[in-house]
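Asks: Once you've had a glance at the structure underneath, I'll fire off some questions.
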Amino acid sequence: MELSYHRSLPPELQIMPFQLRCMELIGLIGPKGRFYRFVLAFGWGTFVILLPKSVLGIGSSELDAIIKGFAELLFEGNLFIAVASLVPKLPLVKRLLHVLSEIFRQATHDKHDVKDHCYSLICEQNSKIDKFCKFYFIYCCFGPFVFCIPAMVTSYVRYFGITNNGTNANGSEHLRFELPMEQEFYWLPIRTNFACYHLFLALSLSAYCVCSYMSVIKVSTLLIMIEYCSLVYRLVAIRIRELGKLPPGRKQDETDEDERTKMMMVKEVVEMHEKALEATDLVEKVINIPIAMQFMACILFWCMTMVYVSTNINFNLFNVMVLFWLSLIETYGYSYLGTELSEDAKAVGHTVYDLPWYEDSAQLQRYYRLMIQRSQQNTGVTAAKFFIVGIEKFGKVVNLSYSYYLVLKDVLDRL
């Protein structure tokens with residue numbers, strides 16, 4: 001996927017530069033010969049985590065371990081499938097970058113004037129996006145290591161605390177190593193054998209790094225796409241407000257210079273609004289499946305997490321909470337930005353109506369009416385067309401998860 005047109009923009013106006021570099025590094029974009037990098041990374045994560053856990057099982061008959069293992073499988077499976085679903089949508093991503101680049105050029109008129117409201121807004125938004133992406137990247141870099149440390153420390157304490165007969169110092173049980181995630185690993189005794197345990201720990205750490213990198217690509221890219229859609233509607237609203245500063249065209253004389261100037265600017269704003277709607281449609285096509293999967297998976301994941309937390313207070317709780325907060329932040333981010341996008345899209349119509357449109361010619365009023373009609377449509381991102389994503393849906397998901405948790409906990413208590 002070539003990005004020459006997008007990268008011809010000034011550095012401060014470029015769209016998703018950090019995310020595109022990450023995607024280029026793993027082979028999702030750029031020369032086609034690099035796609036093998038993504039295949040290798042995806043295959044490695046599947047080989048180490050998804051395949052043995054889904055085929056060979058958790059490797060424990062304890063209920064809390066089964067709940068934890070299934071919750072981890074949901075989290076990792078949702079992550080890998082969502083990233084894989086983006087691969088056939090890469091041509092749409094390319095088209096989205098092209099449309100956003102055209103909007104930025106029109107909004108700034110290819111001028112880099114810091115006094116221009118649109119230019120300063122784009123620069124400010126890009127700066128915030130860049131800081132968020134780098135913060136999330138650093139957070140995900142530390143994630144795999146922090147995820148493995150509690151299990152390693154607990155295992156070493158047990159190992160160096162055993163007696164000569166292979167039991168703990170209190171003689172209560174045989175040595176059993178703790179794993180970062182509950183799973184089997186191709187019939188190796190990773191819970192009882194020292195060498196197999198460290199082999200698995202090294203392999204799983206590399207797989208967790210792959211998962212973190214996939215999380216950076218998935219979460220930051222999807223969130224930033226939604227944010228850029230909100231941004232283009234705000235740019236359209238700014239250009240609409242600037243129309244109110246122009247002198248009204250004379251209704252009686254359509255050859256009037258003011259009328260022609262304003263007509264040209266109104267047509268440009270209408271074109272920007274049309275491209276903003278196209279960008280929203282492209283984002284919807286790219287992310288609607290991953291968002292639907294996220295909402296469905298988080299209901300089950302949160303439910304099982306609450307069951308686990310209510311029955312276990314140990315070192316494994318730390319790993320569970322790391323995944324829980326990642327899932328919570330991601331789902332809330334989609335919901336918050338989805339609401340912001342819908343509000344900014346509707347605000348375009350209100351901004352048009354606030355113009356002194358009654359002073360302009362009938363031809364100009366027809367353009368105003370067209371933008372108002374377009375802004376009255378339900379604009380936003382959906383979860384596989386089932387519902388428009390927003391804060392209200394996030395609250396319903398939380399309530400639904402808690403309801404399922406109460407039902408599941410009641411069933412388990414009766415067993």
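Glycine is no exception: its Cβ is also placed from the backbone N, Cα and C atoms.
TrEMBL lists these features:
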type     : residues : note
TRANSMEM : 38-59    : transmembrane segment
TRANSMEM : 136-157  : transmembrane segment
TRANSMEM : 197-216  : transmembrane segment
TRANSMEM : 291-311  : transmembrane segment
TRANSMEM : 317-337  : transmembrane segment
Asks: Taking residues 6+ outside the transmembrane segment (291-311), which of them lie with a CB under 8 Å of any CB in it?
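Replies: Here the qualifying positions are 64, 67-68, 70-71, 74-75, 77-78, 81-82, 85, 222, 317, 320-321, 323-324, 327-328, 330-331, 334, 381-384, 386, 389, 393, 397-398, 400-402, 404-405, 408-409, 412.
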Asks: Quickly jot the same-chain residues contacting the transmembrane segment (136-157) by Cβ under 8 Å, restricted to those at least six beyond its ends, or write none.
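Replies: Sequence-distant neighbours of the transmembrane segment (136-157): 18, 22, 177-180, 197, 201, 204-205, 208-209, 211-213, 215-216, 219-220, 315-316, 318-319, 322, 326.
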Asks: Who are the long-range neighbours of the transmembrane segment (197-216) in its own chain, taking Cβ under 8 Å and residues 6 or more past its ends?
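Replies: That would be 22, 26, 41-42, 44-45, 47-49, 76, 79-80, 83, 133, 136-137, 140-141, 143-145, 147-148, 151-152, 155, 177, 179-181, 185, 188, 190-191, 326.
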